[in-house]
Amino acid sequence: AAATGSGTTLKGATVPLNISYEGGKYVLRDLSKPTGTQIITYDLQNRQSRLPGTLVSSTTKTFTSSSQRAAVDAHYNLGKVYDYFYSNFKRNSYDNKGSKIVSSVHYGTQYNNAAWTGDQMIYGDGDGSFFSPLSGSLDVTAHEMTHGVTQETANLIYENQPGALNESFSDVFGYFNDTEDWDIGEDITVSQPALRSLSNPTKYNQPDNYANYRNLPNTDEGDYGGVHTNSGIPNKAAYNTITKLGVSKSQQIYYRALTTYLTPSSTFKDAKAALIQSARDLYGSTDAAKVEAAWNAVGL
């Protein structure tokens, strides 16, 4: 049965949690969404197999033990990301079909990554020197969930330019969910201020202009053509767009482009055209021209 409780986050804050009472205990299963879509959070207990793991539970309505903090953040943040997509775009879960949204925390040991696996999210705990537990950042959770949205819409191939666009759209929706700064991952990085910046990609060794696109090998070692590197170029174009048009219009333009116009093999130039067309569809030629200028400024 649906219930409400609270939990302690990685940073020590107390947050409200939508939970469920089942089998004589409280579990991190959010049954509060009017659509009936469930958000469920599991613990892999440092395994990297047999996903999703054990449903996070408590004998009381409070989730306060230190081993539960990563789960509290994952559960709370994902509830916010679900609400963001539903309230702004009427999108019901990543697939718009109300599929349950699953996270597993404590993936592996000192694992320095978070990922969308195709049907759920996984979060490592970080090694403590580069990353702290990766569920502690709202923009990272939004980034991963957006990979799910992309998979079900444009389905951008994860290599070269389409892959860099896949990464960029995840960063941009990460920003739309956490607009207090232009950084991505600032709440989980230990040794540097953030992972990436939309306003200043070069701060984290990313190009911010097409003239500096890096042709990297399409291998695991080469980050599949540098998808996490070359995303700096469309990220800077997004920053330019948002500063010209504001969040409210920009997020509608980006969502329309992703869900209506982009295809698996879209290039940066295709993305520019898709975003210009989306702006024209929604807001007319003046705003479309501002989007065009935002991309011209990064050499595209």
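Cβ atoms are placed via backbone N, Cα and C, with glycine included.
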Going by the Zn(2+) site in Swiss-Prot, where His143, His147 are listed, which of the candidates Glu159, Glu167 is also part of it?
Glu167
From Asp119, Asp125, Asp127, Asp139, the one annotated by Swiss-Prot with Asp178, Asp181, Asp183, Glu186 for Ca(2+) 1:
Asp139
Relative to the Cβ position of Asp181 (Ca(2+) 1 binding site), how many further Cβ atoms are located within 10 Å?
14
Ca(2+) 1 site, defined by Asp139, Asp178, Asp181, Asp183, Glu186: further same-chain residues with Cβ within 8 Å of the Cβ centre:
Ser137, Leu138, Gly174, Tyr175, Glu180, Trp182, Ile184, Gly185, Asp187, Ala194
Within 8 Å of the Cβ centre of Asp178, Asp181, Glu186, which other residues of the chain have their Cβ, at the recorded Ca(2+) 2 site?
Ser137, Asp139, Tyr175, Glu180, Trp182, Asp183, Ile184, Gly185, Asp187, Ala194
Fill in the CA-CA distance, Asp178 (Ca(2+) 1 binding site) to Glu144 (active site), as an integer in Å.
14
Site with most surrounding Cβ atoms, counting all protein chains shown within 10 Å, from the recorded positions His143, His147, His228:
His143
Can you check what DSSP calls Asp181 (Ca(2+) 1 binding site), collapsed to helix, strand or coil?
coil
Where does His228 (active site, proton donor) sit by DSSP, helix, strand or coil?
helix
